Amino acid sequence: MQFFGRLVNTLSSVTNLFSNPFRVKEISVADYTSHERVREEGQLILFQNASNRTWDCILVSPRNPHSGFRLFQLESEADALVNFQQFSSQLPPFYESSVQVLHVEVLQHLSDLIRSHPSWTVTHLAVELGIRECFHHSRIISCANSTENEEGCTPLHLACRKGDSEILVELVQYCHAQMDVTDNKGETAFHYAVQGDNSQVLQLLGKNASAGLNQVNKQGLTPLHLACQMGKQEMVRVLLLCNARCNVMGPSGFPIHTAMKFSQKGCAEMIISMDSSQIHSKDPRYGASPLHWAKNAEMARMLLKRGCDVDSTSAAGNTALHVAVMRNRFDCVMVLLTYGANAGTPGEHGNTPLHLAISKDNMEMIKALIVFGAEVDTPNDFGETPAFMASKISKLITRKALLSLLRTVGADHRFPLIQGVPTDQSSAATPHPIFSLDKTQPPAISLNNLELQDLMPISRARKPAFILSSMRDEKRIHDHLLCLDGGGVKGLVIIQLLIAIEKASGVATKDLFDWVAGTSTGGILALAILHSKSMAYMRGVYFRMKDEVFRGSRPYESGPLEEFLKREFGEHTKMTDVKKPKVMLTGTLSDRQPAELHLFRNYDAPEVIREPRFNQNINLKPPTQPADQLVWRAARSSGAAPTYFRPNGRFLDGGLLANNPTLDAMTEIHEYNQDMIRKGQGNKVKKLSIVVSLGTGRSPQVPVTCVDVFRPSNPWELAKTVFGAKELGKMVVDCCTDPDGRAVDRARAWSEMVGIQYFRLNPQLGSDIMLDEVNDAVLVNALWETEVYIYEHREEFQKLVQMLLSP
């Protein structure tokens with residue numbers, strides 16, 4: 001039995017030896033009385049264990065000389081001596097200063113630290129061990145600022161990286177640790193604290209003024225730069241409260257630029273909230289604003305909402321739009337454009353964003369830039385237009401696609417005649433064709449068919465500029481009516497058409513028309529015209545608004561839409577606050593059966609002498625008078641599309657009864673004039689001479705397979721009935737809200753019968769676009785199709801502009 005016992009003990013010893021020779025084990029000192037003492041230092045003794053042929057290091061407990069701990073058991077005497085020397089050098093300050101060290105778990109941790117970090121001082125080890133009493137030992141205090149280790153870091157660096165605020169206090173208060181000492185990477189304790197997770201450590205460091213707060217490491221980063229790079233928003237806040245400087249140059253500029261480069265929105269917002277001037281700061285290297293560094297739509301939108309200059313240029317002359325196009329960031333491009341970025345600004349070498357988009361072969365981006373006003377024939381410093389650059393693209397398929405795209409809006413890819421370009425470079429060029437009535441005298445400006453500048457020479461020829469600028473003071477002898485269809489976000493099509501008319505005429509829409517009628521989205525635009533909001537501004541507003549309003553699933557929350565309307569028109573603005581032009585919005589009174597059409601007016605409703613359709617019902621409240629009607633509520637009521645938004649009180653969307661408000665508007669004008677005559681004010685009545693009706697785009701006609709609804713007799717017929725009911729329901733809704741077809745035919749016929757010039761402008765769209773579409777690419781494509789429509793119908797636009805400008 002003794003043999004087997006010794007065998008088990010031997011196997012156990014061997015197993016422990018091979019498993020972990022440095023496993024700390026509590027022992028009795030008496031067990032080693034028969035072993036030879038090889039070396040002794042203080043409480044540490046190295047024994048030679050002859051029976052096991054090992055060298056054991058024993059730490060005798062200072063509190064009890066009969067007990068101790070075996071720190072290691074090694075087979076090699078040389079290894080044992082080396083480790084004994086290291087242990088005897090590092091251990092004494094710990095067991096001399098704290099009884100907590102005299103536990104197996106603590107000693108094991110300390111042993112592992114000593115072996116893992118042989119270059120560390122006792123103070124470094126004390127930081128990782130985390131026992132506060134140890135920092136009162138004189139030897140640990142003496143090494144508080146030591147950098148003698150592989151990283152060159154001080155114990156304070158380690159405490160900050162570890163995030164141990166209690167140890168940090170011990171180092172600063174008792175050991176007088178310096179906070180501006182740098183490691184091998186040039187980093188101070190502040191850099192280490194930023195990389196940790198405990199902001200309290202950073203707060204403690206920041207209580208005392210130190211150059212380390214703004215120290216730049218070898219990568220050129222201050223602690224604030226590093227916090228922004230890592231997305232540590234709370235660390236950024238603490239650093240700023242500790243007066244960290246925001247104007248220290250780093251590899252990517254100032255800290256705000258670093259936050260933008262790494263798309264750390266929270267950090268950028270924190271810097272701007274603490275120092276609003278940082279939103280306009282330009283980095284010394286590139287002269288770029290924070291907006292130039294925006295890599296996604298969210299970051300760009302955040303800056304622009306806080307007032308960042310959208311057209312700020314870098315040292316090279318490029319705007320943020322140039323950079324976004326060069327980087328193929330379509331989402332950024334759309335945000336910049338919708339916040340008013342100039343799509344035609346020349347940048348480095350005179351290249352506009354469109355020049356750069358052509359070179360990137362990005363069709364969506366090209367369309368977006370042209371839709372937002374980029375000129376296809378503006379030359380750069382080398383005399384190259386975007387269209388000419390498209391003709392030079394090496395890839396045949398790409399070249400053909402680009403040229404085909406640009407030709408649809410009248411772009412000329414030939415090299416233009418430009419002043420300042422050498423004659424040998426432009427001798428083969430021919431003058432660009434001008435789509436105007438007088439082709440013998442092309443204007444001295446570059447052509448932009450998309451913005452209808454080909455029409456501007458005509459309007460200038462007919463009216464000098466000083467007359468155009470004073471048109472609002474002229475007395476027209478006839479009235480002009482503008483009618484705007486409903487269609488949700490497709491109101492962008494109306495905006496694009498109005499921009500074209502304004503560009504061609506040189507006159508704001510408000511001054512071209514005496515009456516404006518609108519339904520739903522058309523009603524919102526009618527109010528925008530009334531309140532002198534530019535259509536370019538409204539285009540951006542619509543792109544921004546859709547993301548705020550159309551969130552989640554239908555029906556959408558009404559709050560965001562109402563907040564948008566209040567923001568744009570004012571919370572307390574009344575309909576009658578602005579009197580010209582006269583505006584009417586359609587709404588549907590749904591508190592009665594059958595429902596009735598209601599017009600929200602900025603003038604008193606005309607008195608109509610005719611028998612009422614229904615007997616008066618005392619349970620039905622009369623509508624609010626125009627003088628008391630809030631503008632935003634009128635817009636909300638006109639746009640309360642069923643299934644998209646909840647009703648606004650008793651009002652539903654006006655599109656249910658008048659999605660194309662032309663005939664209703666003409667009827668209203670007739671009744672208004674008749675009322676004026678009855679009241680003896682016939683001299684104020686002016687005959688309606690022009691009606692302009694703008695649509696939100698015609699959806700393509702598609703075949704319908706079945707609208708049959710019947711009692712099914714089998715599962716197949718049930719499926720057929722369900723499908724038929726769905727198609728029939730869609731057809732009923734489309735028929736009720738159809739703004740084209742017979743509605744247009746009736747309006748045109750009535751106008752012709754009474755001698756009114758009628759213009760219906762409504763582009764054919766390539767696909768059916770929903771009222772709540774939020775995809776930028778889809779909407780840009782719809783506006784592109786609108787631009788193509790404008791170019792193809794330029795003669796009709798010419799005629800319209802001529803008539804609108806006539807007195």
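Don't overthink the numbers, they just go from 1 along the chain as shown.
Each Cβ is built from the backbone N, Cα and C atoms, and glycine gets one as well.
Look at Swiss-Prot and you will find SER520 tagged as active site, nucleophile, backed by sequence analysis. Under DSSP, SER520 (active site, nucleophile) is assigned to coil, being neither helix nor strand in the three-state scheme.
According to Swiss-Prot, the feature active site, proton acceptor maps to ASP653. In sequence order, GLY486, THR519, SER520, GLY587, THR588, SER638, GLY639, ALA640, ALA641, PRO642 constitute the residues six or more apart from ASP653 (active site, proton acceptor) in its chain with CB-CB distances below 8 Å. Under DSSP, ASP653 (active site, proton acceptor) is assigned to a strand (E or B) in the three-state scheme.
Look at Swiss-Prot and you will find 482-666 tagged as domain 'PNPLA', backed by sequence analysis.
Long-range contacts of the region 'Calmodulin-binding (1-9-14 motif)' (678-687) within the same chain: residues 476-479, 514, 607, 609, each at least 6 residues beyond the stretch ends and with a Cβ under 8 Å from a Cβ of the stretch. Swiss-Prot lists 678-687 with the feature region 'Calmodulin-binding (1-9-14 motif)'.
Under the heading region 'Calmodulin-binding (IQ motif)', Swiss-Prot lists 749-760. Sequence-distant contacts of the region 'Calmodulin-binding (IQ motif)' (749-760), counting only residues of its own chain at least 6 positions beyond either end whose CB sits under 8 Å from a CB of the stretch, comprise 663, 666, 688-693, 695, 796, 800, 803.
Swiss-Prot lists 120-147 with the feature repeat 'ANK 1'. Long-range neighbours of the repeat 'ANK 1' (120-147) within the same chain, counting only residues 6 or more positions beyond its ends whose Cβ lies under 8 Å from a Cβ of the stretch, are 90, 92-94, 96-98, 100-101, 106, 109-110, 113-114, 153-156, 158-159, 162, 164, 166-167, 170-171, 174-178, 181, 183.
Residues or ranges marked as repeat 'ANK 2' in Swiss-Prot: 151-181. Under 8 Å from some Cβ of the repeat 'ANK 2' (151-181) lie the Cβ atoms of residues 121, 123-124, 126-128, 130, 132, 135-136, 140-141, 143-145, 187-190, 192-193, 195-198, 200-202, 204-205, 208, 210-212, 215, all in the same chain and six or more residues away from its ends.
Counted with DSSP, the repeat 'ANK 3' (185-215) comes out as 19 helix, 0 strand, 12 coil. According to Swiss-Prot, the repeat 'ANK 3' annotation covers 185-215.
With a threshold of 8 Å between CB atoms, the same-chain residues lying at least 6 positions outside the repeat 'ANK 4' (219-248) that come near it are 185-186, 188, 190-191, 193-195, 199, 202-203, 205-206, 213, 254-256, 258-259, 261-262, 264, 266-268, 270-271, 274-275, 278, 281. The repeat 'ANK 4' feature in Swiss-Prot is assigned to 219-248.
Within the chain carrying the repeat 'ANK 5' (251-281), a Cβ under 8 angstroms from the stretch's Cβ atoms is held by residues 219-222, 224-225, 227-233, 236-237, 240, 288-291, 293-296, 298-299, 302-303, 306-309, 312, all 6 or more beyond its ends. Taken from Swiss-Prot, the feature repeat 'ANK 5' covers 251-281.
Annotation source Swiss-Prot lists repeat 'ANK 6' at 286-312. Non-local neighbours of the repeat 'ANK 6' (286-312) in the same chain are 252-253, 256-257, 259-261, 263, 265, 268-269, 272, 276, 278-280, 318-321, 323-324, 327, 329, 331-332, 334-336, 339-342, 345; each lies 6+ residues outside the stretch with a CB under 8 Å from one of its CB atoms.
Residues or ranges marked as repeat 'ANK 7' in Swiss-Prot (evidence: experimental evidence): 316-345. Mean pLDDT of the predicted structure over the repeat 'ANK 7' (316-345): 93.
Residues annotated as repeat 'ANK 8' in Swiss-Prot, with experimental evidence given as evidence: 349-378.
Swiss-Prot lists 382-403 with the feature repeat 'ANK 9'.
Per Swiss-Prot, the feature motif 'GXGXXG' maps to 486-491. Note on the motif 'GXGXXG' (486-491): residues 518-525, 542, 546, 550, 639, 641, 644, 653-655, 659, 695-697, 737, 739, 769-774, 779, 782 of its chain, located 6 or more positions outside it, place their CB under 8 angstroms from a CB of the stretch.
Annotation comment: Swiss-Prot describes 518-522 as motif 'GXSXG'.
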Local Cβ density at SER520 (active site, nucleophile) - other Cβ atoms counted within 10 Å:
33
Counts by DSSP class (helix H/G/I, strand E/B, coil) across the region 'Calmodulin-binding (1-9-14 motif)' (678-687):
4 helix, 1 strand, 5 coil
Which residue counts does DSSP yield for the repeat 'ANK 5' (251-281) in the helix, strand and coil classes, in that order?
22 helix, 1 strand, 8 coil
